[in-house]
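So that you can see what the record holds, here are the features copied from Swiss-Prot:
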type	residues	note
DOMAIN	31-284	domain 'Protein kinase'
BINDING	Leu37, Gly38, Ile39, Gly40, Ser41, Phe42, Gly43, Lys44, Val45, Lys60	ATP binding site
ACT_SITE	Asp154	active site, proton acceptor
MOD_RES	Thr188	phosphothreonine
REGION	382-590	region 'Disordered'
COMPBIAS	391-483	compositional bias 'Low complexity'
COMPBIAS	494-586	compositional bias 'Low complexity'
DOMAIN	679-727	domain 'KA1'
Amino acid sequence: MSSYQQNPIGSFGGLYGSGGIEKSSQIIGNYRLDKTLGIGSFGKVKLAEHIRTGVKVAIKILNRTKIKNLKMDEKIRREIQNMKLFRHPHIIKLYEVIETTTDIFMVMEYVTGGELFEYIVKNGKLLEDESRRLFQQMISGVDYCHHHMVVHRDLKPENLLLDPINKCIKIADFGLSNMMQDGDFLKTSCGSPNYAAPEVISGKLYAGPEVDVWSCGVILYAFLCAKLPFDDESIPMLFKKIREGVFSIPDFVSPSCADLIKKMLVVDPVKRITIHEIRNHPWFQVKLPKYLSSPHTFLSKSIQTINNSILNEMVQVYAPIDRERIIEELQKSGEVNDLIVSYHLLVDSKRGSYENEINSPNLVSPITTPIMSSAQKSPIMFTTTTGFNPSNSNSISNNNNNNNNNNNNTTNNNNNTTNNNNSIINNNNINNNNINNNNNNNNNNINNNNIINNNNNNNNNNNNNNNNNNNNNNNNNNNSSISGGTEVFSISPNLNNSYNSNSSGNSNGSNSNNNSNNNTNNDNNNNNNNNNNNNNNNNNNNNNNNNNNNCIDSVNNSLNNENDVNNSNINNNNNNNSDDGSNNNSYEGGGDVLLLSDLNGNNQLGGNDNGNVVNLNNNFQLLNSLDLNSDIQTQPHRKWYLGAISQLPPHEIMGEIYRALKKVGFEWKLTGPYQLRCRMVNGKPIKLVLQLFRVAENRYLLDIKKIEGEIFIFFDICSLMLEELNL
């Protein structure tokens, strides 16, 4: 046998790393073709055998001409790339992609049990325990794909294959089916519309995982009843039933299961139960296998631990290649070669029950996608647990309950320093606002978003030399992120650059004073003054001028002084008292605050990472904060935001967004649930990301973020966009 040489990369190779192509009537690459298993939208599905290992695979053949005629080539590339990321026990695996001049060959896992639809037709309704077991597997696979930002949109029993060896189901065609063009459901779906959500058959624009939740509800109903909740020989009557959402559940279905089905088959997609809520439903939790108990228990795509028995078999199959060379090829990251494919084929062909493999070293936790956080309340990826009250600092959630004070600030030990941070505490030997005294008063952390004003009479100082015997661990970190985070609130701009907010601080220690100071034109002649003033004449050392525009992002100008720290009498024996001395200034996405108004005059918001504020009126004219004389090379990288609030339903908002984008001259693509990536058709160097968030009940935020281009072009474009939008 000749020595092993890696096959040349095909035309898809740069993206997929597929092997070389040998095509005859029976051979494609390293596979020998066999009988036809079925015919799909783009071509046939063939049974094949991997020549080296003898493992059976299914090869989906996609005809290039059909793909081109349907204008689906770019979507095919993107969805194939998504599918190659999937390594889940209940999703059909895609091992590699081979390309010829006429066809694309997707080498996939072969499952021998056939379609679940045929099983139900043959055996009738399933027992509730069996239905629950299969439903748990299906939801786990759907949840995994949603975490990878792929929505199926055509789930049905025909796309669920039975694996008789492992006694489980596997989702097929996941990722390819969501290439359907909106409004063309009946033309592109070769199956029945009985499983489609109301928003799909109505031709409304949709983008989220809620359509899969509906389909899963219909499938669960079919498991239990061997019939469909919505069925009619007349397609118009069928659509009418689906839109109305009226169905009956037989008495033999348990009340808990019936409750879950009803919550999944809610016509309004916003009110429909989410995957996360399904996982927590009492009926779903019964007899839930350990390996399905967490959405983050997935098989790793990379080979982290090599199975010795599989390795020994490969040494024999690929002789005379030595063992070390095989190990080297298997451990190559971000690459697919024949040895890696062979290893996965052998592992999968010998794998027993997945329930026995939960402790396998190949089981890892995936990277969680922020926009699909399981903690979200609805399919739209943004929630808030508090009202829009800018005057109440307690309305901002505290996400840090330990003793590590991650600061949004900088402690300065220099003289005459000017700072534009949210808050400054200036004291020698005090780092990161964390003060440790040697009199059992430990870890008294000053809230970062505060301002200390010390005038001539040393206000807010407790002259007891810190002789407190309280063992308090007071952490007042408000990790609030603005645009793209978990808290949203509105701010009213003051054109005099004075922002007043009476905040109620948190006090856990004794002798606590919570002050909100905003003084002007003060002459301070003392040391260690921390001023939040305009036009101050300071004649002292260690003066820190915290000029203008502070504490805007957190809407909190209060001082939370735990045990009232005396700035001139601190007995500190440690110059580095914080466990985490890093600056934590970056909100998600970064950017400066943009205060603007919607068509109703309501103030909107943006994100800030350094306290600077850009005030915009309805014409989006820049008022302040931009230093036009500074060297752009010396400025930190910023991402700019604009936004608009609406109370329209999400699908209507998305429809209005599409209309406005087309009117202004954008082209776009869907990159996630309720998320669009846009660029100008006329070639203007500007790229945007649009994201729709739910910020309250029946209240939605359209966030517009610049990811490329000049800031003033961004302002002009957004001005046109927001004028065009009718929200």
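We count from 1, first residue shown onward.
In case you wondered, yes, glycine gets a Cβ from its N, Cα and C as well.
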Asp154 (active site, proton acceptor) and Gly43 (ATP binding site), Cα-Cα, nearest whole angstrom:
18
Among the recorded positions Leu37, Asp154, point out the residue whose Cβ has the most other Cβ atoms within 10 Å, with all shown protein chains included in the count.
Asp154
Rounded Cα separation (Å) that holds between Ile39 (ATP binding site) and Asp154 (active site, proton acceptor):
17
By a simple count of other Cβ atoms within 10 Å, which of Ile39, Val45, the binding-site residues in the record, is least packed?
Ile39
Over the domain 'Protein kinase' (31-284), what is the model's average pLDDT?
84
I need the CA-to-CA distance for the residue listed as 'active site, proton acceptor' versus Val45 (ATP binding site), whole Å please.
18
Which of the three DSSP states, helix, strand or coil, fits Asp154 (active site, proton acceptor)?
coil
What does DSSP assign Leu37 (ATP binding site), in three states?
strand
Neighbouring C-beta atoms (10 Å sphere around the C-beta of Gly43 (ATP binding site)):
19
Of the residues in the domain 'KA1' (679-727), how many are helix, strand and coil by DSSP?
14 helix, 22 strand, 13 coil
